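The structure is given below, and queries will be raised subsequently.
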Amino acid sequence: MSTTENAAIEPVTGADAEVLLAQPRGFCAGVDRAIEIVERALQRFGAPIYVRHEIVHNAYVVSDLRSKGAVFVQELDDVPVGGTVIFSAHGVSRAVRQAAEARGLRVFDATCPLVTKVHVEVSKMRTQGFEIIMIGHKGHPEVEGTMGQADDGMLLVESVDDVARLAVKDPARLAYVTQTTLSVDETQEIVAAIKARFPAVHEPKKQDICYATQNRQDAVKFMAPQVEVVIVVGSPNSSNSNRLRELAEKLGVPAYMVDTPEQVRPEWLAGKRRVGLTAGASAPEELAQSIVDRLRALGARSVRPLDGIQENMSFPLPRGLQIN
């Protein structure tokens, strides 16, 4: 439905709102795999199982796994010598891997395979002598892990302005990689700025932003013109969830991110005829459905899934956790 058609229909109270569900939404294959790794490790070895950082950036998921015996730590020093530790889906630096080995820890790596792909790119290109621009958010665990695949020669940029300030050693030996959960549109702008300033820059064979990030952003682009407010299910520290909220706002639709049903405020629905709902790649469908239940309790009259891509991606578990 076009925005013109939307404008022609008189808005009614929130009690008559229709909820449109973006497709796809919620868990991606990398998140599914990471959570299953923790659950399988708990089943096989028993609690406690230590996890370095949040396995994925979702408070609901972390709380659930903690209740089952997972212990989330910030540093490997918090893991007993000889204990079992799981690396989060965001990946870790080479230094963290070496520290785990030095402490004699049993390690299961829940790094998303699409993040590992970027790690391999970095290691290969540094070996070939390329200086590498990393497009990403400073301080994000994925960025720290990816930049930590090399001892030096990594340059972080977060914006087009950062590109203008870059000082590189040899423009002819320059490459770039990206964080997997960025805004597709903003990343394209940064890449364009890099290419304009460094025409010889070496590109990844395939874009580093993952399929799930792309698909969920495309789903919001499809949904936004049909609704008057967007609710994103996701935790504040979830990069991909934040990008969904920002995207809806850039498309001119008020957007809110929630972590629990109680955070949905009745006034968001006031006078709204259609409410859009999506969920970040680290948000479980059961949490999204609890938000739908909250919207129904506030008077939403119907829920309608939108058309969209059906994802069927899956990744194998690490050796030692696979079912024989």
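Every residue, even glycine, has its Cβ placed from backbone N, Cα and C.
According to Swiss-Prot, the protein carries these features:
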ACT_SITE  E142  active site, proton donor
BINDING   C28, C112, C210  [4Fe-4S] cluster binding site
BINDING   H57, H90, H140, T180, S238, S239, N240, S282  (2E)-4-hydroxy-3-methylbut-2-enyl diphosphate binding site
BINDING   H57, H90, H140, S238, S239, N240, S282  dimethylallyl diphosphate binding site
BINDING   H57, H90, H140, S238, S239, N240, S282  isopentenyl diphosphate binding site
Are there any residues in the same chain, six or more apart in sequence, whose C-beta is under 8 angstroms from the C-beta of S238 ((2E)-4-hydroxy-3-methylbut-2-enyl diphosphate binding site), and if so which?
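In sequence order, H57, N58, G280, A281, S282, A283 meet the Cβ cut-off.
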What kind of secondary structure is N240 ((2E)-4-hydroxy-3-methylbut-2-enyl diphosphate binding site) part of, going by DSSP in three states?
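N240 ((2E)-4-hydroxy-3-methylbut-2-enyl diphosphate binding site) sits in a helix per DSSP.
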S239 ((2E)-4-hydroxy-3-methylbut-2-enyl diphosphate binding site): which of the binding-site residues C28, C112, C210 have a C-alpha within 10 angstroms of it?
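Correct set: empty; none qualify.
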Just the number: how many Å between the Cα atoms of N240 ((2E)-4-hydroxy-3-methylbut-2-enyl diphosphate binding site) and C28 ([4Fe-4S] cluster binding site)?
11
Please work out the number of neighbouring Cβ atoms within 10 Å of the Cβ of S282 ((2E)-4-hydroxy-3-methylbut-2-enyl diphosphate binding site), leaving out its own Cβ.
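The answer is 32 other Cβ atoms.
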Taking the mean position of the Cβ atoms of H57, H90, H140, S238, S239, N240, S282 as the isopentenyl diphosphate site, which residues outside that list, in the same chain, have a Cβ no more than 8 Å away, listed in sequence order?
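Neighbours found: V56, E142, T181, N237, S241, G280, A281.
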From the centroid of the CB atoms of C28, C112, C210, the recorded [4Fe-4S] cluster site, which same-chain residues not already listed sit within 8 A by their CB, in sequence order?
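Close Cβ neighbours, site residues excluded: A29, G30, V31, A89, P113, L114, V115, T180, T181, Y211, A212, T213, A281.
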For the isopentenyl diphosphate binding site, please report the maximum Cα-Cα distance among H57, H90, H140, S238, S239, N240, S282 in Å.
15
C-alpha of C28 ([4Fe-4S] cluster binding site) to C-alpha of T180 ((2E)-4-hydroxy-3-methylbut-2-enyl diphosphate binding site): distance in Å?
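Just about 12 Å between their Cα atoms.
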Please state whether DSSP places E142 (active site, proton donor) in a helix, a strand or coil.
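E142 (active site, proton donor) sits in a helix per DSSP.
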Sort out the sequence-distant neighbours of C210 ([4Fe-4S] cluster binding site) for me: same chain, 6+ apart, CB within less than 8 Å of its CB, listed by position.
C28, G30, C112, L114, T180, T181
